[in-house]
Each structure stands twice: as structure tokens, then as C-alpha cells.
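> Pasting the feature list from TrEMBL:
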| type | residues | note |
| --- | --- | --- |
| ACT_SITE | SER278 | active site, charge relay system |
| ACT_SITE | ASP413 | active site, charge relay system |
| ACT_SITE | HIS444 | active site, charge relay system |
| DOMAIN | 198-451 | domain 'AB hydrolase-1' |
| SIGNAL | 1-17 | signal peptide |
Amino acid sequence: MRSRLVGLHYWTRLTLLVTKLCKELVLLTESPFVTRHWNKKTLNRMPHKISVAAAPWAPRGIFRIIMTPHESDVSTISPELPAMFDGMKLAAVATVLYIIVRCLNLKSPTAPPDLTYQDTPLNRFLLKSCPQLTKEYIPPLLWGKSGHLQTALYGKLGRVNSPHPSGVRKYLPMQDGATATFDLFEPQGDHRTGDDITMVICPGIGNHSEKHYIRTFVDYAQKDGYRCAVLNHLGALPNIELTSPRMFTYGCTWEFAAMVGYIKRTYPQTQLMVVGFSLGGNIVCKFLGENSLNQERVLCCVSVCQGYSALRAQETFLQWDQFRRFYNFLMADNMKKIILSHRHSLFGGNPVKMIDLDLGPLYTATSLMQIDDNIMRKFHGHSSLKEYYEKESCVHYIHNVNVPLLLVNSADDPLVHESLLTIPRTLAAKKPNVIFSLTLHGGHLGFFEGAVLFPQPLTWMDKVIVGYANAMCQWEKQKPPCQSGHLSESSCAEEKA
């Protein structure tokens with residue numbers, strides 16, 4: 001009896017769904033009746049006489065089948081039977097359309113970013129001078145409201161018609177024998193303020209300066225008068241061999257600090273804009289919060305699509321909500337390829353190689369957590385996965401960042417669970433230097449713009465970072481020199497003297 005009730009429940013729900021589809025899409029309200037005849041030989045094989053009647057609970061065009069035993073041959077069939085099949089076809093089409101509408105999120109409205117900030121003169125100036133933060137973000141009509149498609153397009157293509165900015169690769173030897181690399185791109189013109197400004201950029205997990213989204217952003221920033229220095233994560237470039245048994249991790253700031261130090265020494269008059277994408281956002285916020293000296297000569301920092309806490313994120317990465325477990329598998333597979341491409345430097349043939357490891361768990365790993373536990377945490381001697389995530393997450397350092405900080409996330413980012421967004425929202429509510437911008441759409445590092453189908457080469461993300469940077473430069477330009485954030489206390493004292 002219980003199974004019958006359960007079956008009836010699901011049939012009732014299916015009936016209500018089809019009825020809703022019929023009303024919303026207006027596909028079945030005027031379904032025609034088509035009269036056809038079946039082959040007599042075929043009908044003679046049928047053990048029952050079939051009649052069709054309109055179902056009292058169904059919308060127009062949906063029928064029920066009544067089968068009754070008979071003793072004589074049947075030469076004809078009720079002409080309404082094909083009409084039932086027409087209705088079923090239309091219902092199937094309606095169901096497919098309904099699924100497409102739901103998956104593409106076509107009914108979702110466009111809206112300006114949801115902003116969390118304190119009402120200060122600086123924040124009011126920034127929001128007024130950077131219109132991308134207050135105007136609605138309009139993604140491509142047909143697919144741009146799907147966070148999955150935005151993320152997939154970023155992952156596969158990066159950007160559309162990506163330019164090829166020309167830069168110089170720099171090599172920096174580290175104390176442990178590693179060699180950090182970054183690409184330096186000079187500005188293509190003077191900055192509008194006339195100042196020398198350098199963007200120090202940290203890409204996402206396993207990324208480097210040759211990725212399309214990085215190239216697009218660098219080209220746009222160059223044309224606006226910014227010098228750009230882009231870190232190549234240790235081990236990310238396929239043609240650069242590791243010189244020590246270590247590669248990039250979730251929150252190691254050593255290579256980024258080396259790049260920033262080089263820029264400060266080489267360009268003593270330059271001011272810095274710090275930019276981080278995804279994992280890079282975690283690294284730059286941790287770098288600034290680790291030591292207050294790291295914030296000297298830094299005008300501002302922008303972090304896009306980071307998760308803030310690896311420890312809190314690991315549980316969400318094992319859930320199938322928003323297909324997060326599937327994305328976890330894809331990223332783990334990419335990490336395995338990077339690690340195995342450097343296995344000779346990491347696990348053998350090196351006189352100072354890391355502790356001997358059993359690579360079996362690496363080959364069978366299906367999640368980032370398994371790789372982090374078996375490989376990544378051991379690069380810095382962490383005793384457990386929890387310790388590794390705790391010490392490498394910026395959530396424990398970001399409250400020490402005192403320069404203007406813009407944190408950008410997307411509500412439909414399939415990689416960053418909504419529970420993690422309480423971290424930047426709470427921070428922005430407490431600290432006057434922080435603005436948290438949450439867009440309704442954009443996916444993970446997507447933020448494509450466009451009319452209907454084809455996206456534009458430049459994204460909302462590129463525009464908002466450069467727009468925010470320009471606003472900060474204007475703010476600093478109109479302030480008295482001693483109040484400018486790029487001057488240290490000692491420099492300020494010297495000017496007063």
C-alpha cells in the first residue's frame with residue numbers, strides 16, 4: 001500500500017509539473033487532433049481494445065488510455081490516440097525547454113553588485129569614480145546568467161580574442177634553491193595622473209602570465225598606463241624546470257614577496273597596486289597581512305573570486321551541490337598533471353629531495369584534499385591537513401590589511417560556497433578600508449559581458465579592477481603628500497622636517 005501511495009505521489013507531482021509547463025509555455029492549449037489509421041494486421045495482434053478519453057485532471061491535449069479486453073478482431077482504433085502522442089511530444093519539448101530555462105537561469109534579473117562597506121569619504125569617492133561597482137552587470141543574454149557556463153568558458157577559453165602583450169621574463173633565485181619567475185610588462189603610455197604605478201599580479205591556481213585571462217587584463221592595464229608584474233606560480237610553467245623540491249602551495253607568499261621586493265628595488269619611485277585572482281587573491285591578502293612592512297608603497301589591493309578559508313571550503317568541495325565535487329575532481333586532475341610533470345625534481349634525482357613519498361595515493365586521488373594531504377602540506381612540513389589549511393589561509397591575516405581593499409565575488413560561483421562569503425561581508429562591515437562587492441552573476445573568474453550570444457573580449461572584472469585603481473590614484477593625487485598611503489612613517493617625518 002505504501003509503495004502505491006508513493007507512486008501516486010510522484011505521478012501527481014509529474015502531473016502538476018506538466019500542467020505548469022503547459023500554462024507557462026502555452027504549447028498544449030491548442031494541440032490539434034490528428035486522425036490516422038493503423039495497419040489492420042498490427043491491430044489484430046493487440047489483446048485489448050484501446051480507447052482514449054480526455055483525462056479530467058489534465059490540461060487540454062493530454063489524454064488517458066483505457067484498455068478493455070475484447071473477443072473480436074479490431075479493425076480500427078480511436079482517432080484520438082495519435083493526438084495523445086502529439087501531446088506527449090509537446091510535453092517532452094516543454095519539459096526540455098523548462099530544464100534549459102532553469103539551467104541557463106534565464107529568469108534571473110540583472111542587478112548592480114551587492115555592496116558592503118562603511119560610509120567614509122574614501123568609499124564614497126571610490127564608488128562615485130568607479131561606476132562599474134554601482135551599475136548593473138549585464139552578462140550575455142542566452143548563457144551569461146549561468147555560473148557554470150561562465151566558469152566553463154573561462155576554464156576552456158580564458159577570454160575571447162585574447163591579445164599578446166610583450167613582456168620580459170625575470171628569474172629570481174630563492175634561499176632554498178628554488179627559482180621564482182615573473183613576467184614584467186611596461187606601460188604603453190603615461191598614466192593619467194603622471195605617476196609611476198605598478199600592478200603586482202598573482203594568478204589563480206596553477207596559472208601563469210601566459211593564461212588568456214591574464215593576458216587580456218595585462219593588455220588593458222598597460223594601455224591605461226600601468227606597469228604589470230605577473231607572478232608565474234612555481235611549477236606552473238610547463239617549460240620551466242624546478243630547481244628545488246618545492247612548488248607553489250595554497251598560501252605560500254615567498255615567490256610573490258620576492259617579486260614585490262624586486263619591483264620596489266628596481267623602481268624606487270613606483271607605487272604598487274596589488275591584484276590577486278582566485279588562489280592568488282588568498283596569497284596577496286595573506287602577504288599584506290603577514291607583515292605591516294609589506295603594505296609600504298601599496299596604494300590598494302583587489303582580490304577576485306577567492307574562498308578566504310581553505311579549512312572551511314574543504315567540506316563544501318566534497319558536496320555535489322552546484323556540482324562542486326565535479327569541479328574538485330577536475331582541479332585535482334590538473335594538479336596531478338602539474339606535480340607529475342615535475343616528479344623528477346620533486347621526488348627523485350635531487351640531492352636535497354623531499355621526503356620519500358608513496359605516489360600511489362597521488363595517482364588515485366580524486367580531490368584536492370587528498371593531494372594536499374599526501375603531497376602539498378609536506379612541502380612546508382605541516383603535520384596535518386588542518387594545520388596546512390589553517391596556516392595558509394588569508395582569513396587569519398586579512399584583518400591586518402589597512403590599505404584600501406576591494407573584495408569581489410560572484411553569487412553563482414560554483415567553486416566558492418555562499419557560507420564562505422560571510423568572511424568578506426563581516427570584514428567590510430567592521431573595517432572602513434574594505435569594500436565587498438558581490439555580483440549576481442559571473443561564475444568563477446568569468447564576468448563576461450555581451451549582448452545575446454557572443455561575449456566581448458574585455459570583461460566586467462577587467463574594467464572594475466582598472467576603474468578602482470584609477471579612482472585610488474585620483475584620490476591619492478588630491479591628498480596632501482604626507483597623507484598618501486604609499487609613504488612610510490619615516491618618509492612622512494622627513495618631509496615634515
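Even glycines carry a Cβ here, placed using N, Cα and C.
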> Can you give me the Cα-Cα distance between HIS444 (active site, charge relay system) and ASP413 (active site, charge relay system) in Å, rounded to a whole number?
5
> Roughly how many Å separate the Cα of SER278 (active site, charge relay system) from that of ASP413 (active site, charge relay system), to the nearest whole number?
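About 11 Å separate the Cα atoms of these two residues.
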> Can you see whether DSSP assigns HIS444 (active site, charge relay system) to helix, strand or coil?
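Going by the DSSP assignment, HIS444 (active site, charge relay system) belongs to neither helix nor strand, so it counts as coil.
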> Using a Cβ-Cβ cut-off under 8 angstroms and a sequence gap of six or more, which residues of the chain neighbour ASP413 (active site, charge relay system)?
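Once residues fewer than 6 apart are set aside, ASP413 (active site, charge relay system) is near GLY147, THR151, CYS305, GLY442, GLY443, HIS444.
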> What's the number of neighbouring CB atoms sitting within 10 A of the CB on SER278 (active site, charge relay system)?
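The Cβ of SER278 (active site, charge relay system) has 22 Cβ neighbours within 10 Å.
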> Within 10 Å of the Cβ of HIS444 (active site, charge relay system), how many other Cβ atoms can you find? Include all protein chains, please.
25
> Mind looking up the mean pLDDT for the domain 'AB hydrolase-1' (198-451) in the predicted model?
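That region's mean pLDDT is 93.
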